[in-house]
Amino acid sequence: MYSISFQEESLLPRERLVRLGAEQLSNQELLSILIRTGNKKENVFQIASKILSSVSSLTELRHMTLSELQGMSGIGQVKAIELQAMIELGSRISKAENFEGERILSSQKLAKKMQQELSHKKQEHLVALYLNTQNQIIHQQTIFIGSLTRSLAEPREILHYAIKHMATSIILVHNHPSGATRPSRDDDQVTEKIKEACEMMGFVLLDHLIVGGDSYYSYREETDLI
């Protein structure tokens, strides 16, 4: 007589998490929990190990596209979607911890933070930061992703979040994937259009930053538009 015992592949890391806490688990163990199961060729620990060995750092994993995740051994479409959702949620939590409640003292300091967030993006991202009367960030919102043109950057959505979060002022930030930070004519027109809309609604447009690579451009510092 013999018996066959079956233990779910990722059960041990789950037990360790319950017993010791998530902070005590290795990156491989945490990733194994998220992946959940292996396949016919590899168990979940081997898949997690391969994924981690294919990137130079966890930051690189955060920047991977859905198709790049799905192209990894043992990762199908569903797991790739789940991983990207988890990565994005973690990124948003980190941004909330780093920004919300922080007082903005200079365009340079803010630009350095936004460079870390946006400089690696392959498309333009327009982000609005909403501040209270103490110049503390109370909300951050990605307005849209794509080329920044006057027709796309409608003030309506930007002001919607200002009203929703009871902000008193707004800072716009967008990236140039090329790395060049000099504003285009479209950038100037968008800035002027949104400034006028803010003034009509009683909000202050404090700045519009353009970030790319290791440099930035501040409309407040460089022009009289703001």
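Cβ coordinates are placed from backbone N, Cα and C, and glycine is handled just like the others.
Looking at the domain 'MPN' (103-225) alone, the prediction's average pLDDT is 91. As annotated by Swiss-Prot, domain 'MPN' applies to 103-225.
Taken from Swiss-Prot, the feature motif 'JAMM motif' covers 174-187, and the record attributes it to sequence analysis. If you look at the motif 'JAMM motif' (174-187), the same-chain residues 6 or more away from its ends with a CB under 8 A from one of its CBs are 114, 118-119, 121-127, 148-150, 208-213, 215-217, 219.
Residues annotated as Zn(2+) binding site in Swiss-Prot, with sequence analysis given as evidence: His174, His176, Asp187. Secondary structure at Asp187 (Zn(2+) binding site), taken from DSSP and collapsed to helix, strand or coil, is helix.
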Tally of DSSP helical, extended and coil residues in the domain 'MPN' (103-225): 43 helix, 38 strand, 42 coil
Nonlocal neighbours by CB distance (under 8 Å) for Asp187 (Zn(2+) binding site), same chain, sequence gap 6 or more: Leu148, His174, His208, Ile210
Other same-chain residues whose Cβ falls within 8 Å of the Cβ centroid of His174, His176, Asp187, the recorded Zn(2+) site, in sequence order: Glu124, Leu148, Asn175, Thr181, Pro183, Ser184, Ile210, Gly212, Tyr217
